[in-house]
Amino acid sequence: MSGRGGLHMAQIVLCLVTFVLGMFRGGSSHTYWIYAMFTWAFCPIMTLIISVIEMFGLDVVLNMFCMDWGDFTTGMAMSSSLMTVSVAITYANFYACLKCLYGWIVSVFAFLCGFLYVLEVVKDKFLDKKKGSYLAALPGFWKVLEAFVSCMIFVSLTGYRDKPALIFCVIAYIIPFPILPLIIATNILKKLKKCLPFNLDRFVFVFLVISVVLYIFTAIMWPIFMFRHNPRPSDCPPSFCIWAIQFMVAFFTYVNLILFSLDLIFTLLGICDFKRT
């Protein structure tokens, strides 16, 4: 077994162990717990698929006919690193405490999962000097960051159902989200991109303009209608205070506004490998 194969095997086993430990802790309706369980299932499944494809040499066929396989695998390692590290931090914040030994055990395994995926990224980008064509390059990974921050907004949404202005904010969060994975997938699948009846780069530019406008709207409306007459409680620990979670939505809104704005500026200027229409 190669070093890469051994690393993949360790990632799969450790994520599955963490998944089982998290599941035995007991079910929860908390969206952060659901996101953690999804991450510990999704990442090893993708790693397993990549390992099986490489084991049977199918990556040569894929690389020849439809995609840059090296770019895809490095990009997936970067995405998995982002997901597992963020889950480790949020899980430790919510479920690890002085008297929560089991929560600490799961958190340690969660951080080990993140470490293994970060190790693969370091190996690919700095030791093997792999150059990405899209997903593992700045333009593609920037889209992954935007999608990731959107996910963090969705798992943090609470307390908006009785306020129409906040419901409009949720709709504004939803509109750009499903388009991001389509843009990423189309850029990865080179043959599909060539078959499109429209200019994808021009479509991305229009999408970015709309996304920036939507996030400007939410950056103004969410803080006003969520926190007006709703000050932070005197006893508000970040791990189980609804106000703190609502604040995280505002924080991630501004993060994504910055990401989409920079994406639009880089695209307009055609710098850092961003394609100008």
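Indices start at 1 and increase along the chain as displayed.
Each residue, glycine too, has its Cβ placed from N, Cα and C.
According to TrEMBL, the feature transmembrane segment maps to 7-26 (among others). Outside the transmembrane segment (7-26), and at least 6 residues removed from its termini, the chain residues within Cβ reach (under 8 Å) are 1, 33, 36-37, 40-41, 43-44, 47-48, 50-51, 80, 84, 91, 95, 102-103, 105-106, 109-110, 112-113, 116-117, 119-120, 123.
Taken from TrEMBL, the feature transmembrane segment covers 32-53 (among others).
Taken from TrEMBL, the feature transmembrane segment covers 74-95 (among others).
Within the chain, the transmembrane segment (101-122) has long-range Cβ neighbours (under 8 A, six or more residues past its boundaries) at 4, 7, 10-11, 14-15, 17-18, 21-22, 25, 36, 40, 43, 74, 77-78, 80-81, 84-85, 87-88, 91-92, 95. Residues annotated as transmembrane segment in TrEMBL: 101-122 (among others).
Under DSSP, residues within the domain 'MARVEL' (134-272) fall into helix, strand and coil as 102 helix, 1 strand, 36 coil. What TrEMBL lists as domain 'MARVEL' is 134-272.
Per TrEMBL, the feature transmembrane segment maps to 134-159 (among others). Using a Cβ-Cβ cut-off under 8 Å and counting only residues 6 or more beyond its ends in the same chain, the transmembrane segment (134-159) has close neighbours at 31-32, 34-35, 68, 70-72, 74-76, 78-79, 82-83, 86, 124-125, 166, 170, 173, 176-177, 180-181, 183-184, 187-188, 211, 226, 242, 245-246, 248-249, 252-253, 255-256, 259-260, 262-263, 266, 272-275.
Taken from TrEMBL, the feature transmembrane segment applies to 165-184 (among others). Long-range contacts of the transmembrane segment (165-184) within the same chain: residues 134-135, 140, 143-144, 146-147, 150, 153-154, 157, 159, 200, 204, 207, 210-211, 214-215, 217-218, 221-222, 224-226, 253, 260, each at least 6 residues beyond the stretch ends and with a Cβ under 8 Å from a Cβ of the stretch.
The feature transmembrane segment is assigned by TrEMBL to 204-225 (among others).
According to TrEMBL, the transmembrane segment annotation covers 245-271 (among others).
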*asked:* Please report, as numbers and ranges, the same-chain residues at least 6 past the borders of the transmembrane segment (204-225) whose CB is under 8 Å from any CB of it.
replied: 146, 163, 165-166, 168-169, 172-173, 175-176, 179, 183, 249-250, 253-254, 256-257, 260-261, 263-264, 267-268, 275, 277
*Give residue numbers and ranges for long-range contacts of the transmembrane segment (32-53): same chain, 6 or more residues beyond its ends, CB-CB under 8 A.*
5, 8-9, 11-12, 15-16, 18-19, 22-23, 59, 62, 73, 76, 80, 83-84, 87, 90-91, 94-95, 110, 113, 117, 151, 155
_Contacting positions for the transmembrane segment (245-271) when only residues 6+ beyond its ends and CB under 8 Å are counted_ = 139, 142-143, 145-146, 149-150, 152-153, 156-159, 173, 176, 204-205, 208-209, 211-212, 215-216, 218-219, 222-223, 226-227, 232, 277
